[in-house]
Amino acid sequence: MSRRLRRTKIVTTLGPATDRDNNLEKVIAAGANVVRMNFSHGSPEDHKMRADKVREIAAKLGRHVAILGDLQGPKIRVSTFKEGKVFLNIGDKFLLDANLGKGEGDKEKVGIDYKGLPADVVPGDILLLDDGRVQLKVLEVQGMKVFTEVTVGGPLSNNKGINKLGGGLSAEALTEKDKADIKTAALIGVDYLAVSFPRCGEDLNYARRLARDAGCDAKIVAKVERAEAVCSQDAMDDIILASDVVMVARGDLGVEIGDPELVGIQKALIRRARQLNRAVITATQMMESMITNPMPTRAEVMDVANAVLDGTDAVMLSAETAAGQYPSETVAAMARVCLGAEKIPSINVSKHRLDVQFDNVEEAIAMSAMYAANHLKGVTAIITMTESGRTALMTSRISSGLPIFAMSRHERTLNLTALYRGVTPVHFDSANDGVAAASEAVNLLRDKGYLMSGDLVIVTQGDVMSTVGSTNTTRILTVE
C-alpha cells in the first residue's frame, strides 16, 4: 500500500452553515463521506438544490458521497408560551393541556402538540422536557389534561421536546409530513432514508413499503431513540434486522433510558449490528463545542475515538456542520481523531464468525476472503468487484486493518459503500470477466496510487460482472 486511508466514515448535516461561503465544498474536501438532509427543516426545493450541489461538488472533487434523508418523525413537544419562555421551580404545579391553543402557555400551563399524551401516562410517570433539563412527575390525568409537579426546575421555551422516562409514548413513527417527505426523498434520489422513533421492526417495514411505492429504493436507516427499541435483545434484533443501517441516536435515547445505560447500549447496538451484517452510525453531540469553538474538547475527542474503538462505521455531525461557525474545521478535526484511534492495534484484531452458518454463497466468499486476508502474510488490500455493494458491506463487518476497495460501474453502489467502515469506493467498468477483469481492477488501483508493484491482494468477484448477487470466487493476485 502506498497511502493510509481513514476507515471510519463521517456523516455531516447540511444547513445554513454549509449553504454559505463555499462551505459545502470545503466540508466534502475535508472528508465528509455522507451528507444528511434534515427534513425537519427546509422545503423540498431546498433539499433538491442541496442534493444537486452535493453531486456537482463530489464529481468535481472525484469523491463518492452518499445522501441521507432524515425524516422528522412524530413531534412530541410542548406548544408555545405567551412570553416565549417561562421558568419552572421545583415543587411548582404545571399543567399539560392538549386542548390549550398555541401562544397560551404561561408559568402554570402549556399546550401540547401530541394529543395522545394523556392516554400514554399514569400517575407516577416522569416526563422529561427539553432533553431532561426540566422534569415533571405526573400527579393526575383528567381527560385531555395531565397535572404534574416539577421535580427538576429550569427554563422552558416554545416547542421543546417531551420524553417519558423508560419510554412508552405511542406516537406513530411515520406522520403525514413524513409520508410527503418520502416523496421528496424519491425525487431527490437519496441513498439512505432515516426513520425517526421506530418502535419496532414493522415501523421500518412500513417505511420501506412507502418508499418503494414512491419510487425510492433507498436503504433504510433505523434511528434508535426509543427505550422500547432496546428494552431486550429480541427488541433490538427486531429493529436491526428490519433495517439496512442502525443509527445510535444518543439524544432522545439517552433521555428515555438514562445516561448511565447509554454507554452499554451504544456498544451493544454496534456489536450486534455488525454481527447481523448491518452498518452503524453513531450520532449526537460528538463535537458539540465546535459549533462555536475552533477546537474540540478532550472529552469530545475521547467520545469520537471510543465510537471508533466500538466498531462504528460512521460518526455523525449535526448542528456542528448545519449551523456551526467552523463546519469544515469540525470535519477535519473529526477525521484526525478517527485516524488516531485507528492506529490502536486492538481494533484490527479479527473476530471471525466461525460458529455462525452463512446465509448465502456471497457471505461465504466475503468471510473466507477476510479470513485469508487476516491470516495470509503479506496481503495489503481486499478488492470486491460488486454490482450492489453487498459483498463490500459483508467484508467490512470483519475487523481488519486492511483497506477494502469496492469497485463498481454503478454510481449509486459506490455512494452506498461510502458509508461502510474501511471501504473505499472506486469506479470501475470492464468488458472482461474472470481473471482478466480482476487483473484490470488491480492495475487501475495501482495506477491511482492505492497499490504498489509487489503488493499481494485478495479479489472477490462473480463469473459475470453484470449480475447482482453472483459473487462466488476469491482470487489472490500479486500487483505487477
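From the backbone N, Cα and C atoms, a Cβ is placed for every residue, glycine too.
Pulled from Swiss-Prot, these are the features on record:
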type	residues	note
BINDING	ARG36, LYS223, GLY251, ASP252, THR284	substrate binding site
BINDING	ASN38, SER40, ASP70	K(+) binding site
BINDING	ASN38, PHE39, SER40, HIS41, ARG77, LYS160	ATP binding site
BINDING	GLU225, ASP252	Mg(2+) binding site
MOD_RES	LYS351	N6-acetyllysine
SITE	LYS223	site 'Transition state stabilizer'
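Where Swiss-Prot records a feature, it is marked here on the structure.
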{"residue": "ASN38", "record": "K(+) binding site", "Cβ contacts under 8 Å, 6 or more apart": "THR13, LEU14, GLY15, ASP70, GLN72, SER318, ALA322"}
{"residue": "PHE39", "record": "ATP binding site", "Cβ contacts under 8 Å, 6 or more apart": "HIS47, GLY69, ASP70, LEU71, GLN72, LYS177, ASP178, ASP181, THR184, ALA185"}
{"residue": "SER40", "record": "K(+) binding site", "Cβ contacts under 8 Å, 6 or more apart": "ASP70, GLN72"}
{"residue": "HIS41", "record": "ATP binding site", "Cβ contacts under 8 Å, 6 or more apart": "GLY15"}
{"residue": "ARG77", "record": "ATP binding site", "Cβ contacts under 8 Å, 6 or more apart": "ILE112, ASP113, TYR114, ASN159, LYS160, GLY161, ILE162"}
{"residue": "LYS223", "record": "substrate binding site", "Cβ contacts under 8 Å, 6 or more apart": "ASP70, GLY73, ALA194, VAL195, SER196, PHE197, PRO198, MET247, ALA249"}
{"residue": "GLU225", "record": "Mg(2+) binding site", "Cβ contacts under 8 Å, 6 or more apart": "SER196, PHE197, ALA249, GLY251, ASP252, LEU253, GLU256"}
{"residue": "THR284", "record": "substrate binding site", "Cβ contacts under 8 Å, 6 or more apart": "ALA249, ARG250, GLY251, GLY254, MET316, SER318"}
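For ARG36 (substrate binding site), the same-chain residues that are 6 or more apart in sequence and have a Cβ closer than 8 Å to its Cβ are VAL11, THR12, THR13, LEU14, LEU68, ASP70, ALA194, MET316, SER318. Of all residue pairs in ARG36, LYS223, GLY251, ASP252, THR284, the annotated binders of substrate, the farthest apart have Cα atoms separated by 18 Å.
When other Cβ atoms within 10 Å of the Cβ of ASP252 (substrate binding site) are tallied across all protein chains shown, the result is 23. Every protein chain shown contributes to the tally, and the Cβ of GLY251 (substrate binding site) ends up with 16 other Cβ atoms within 10 Å.
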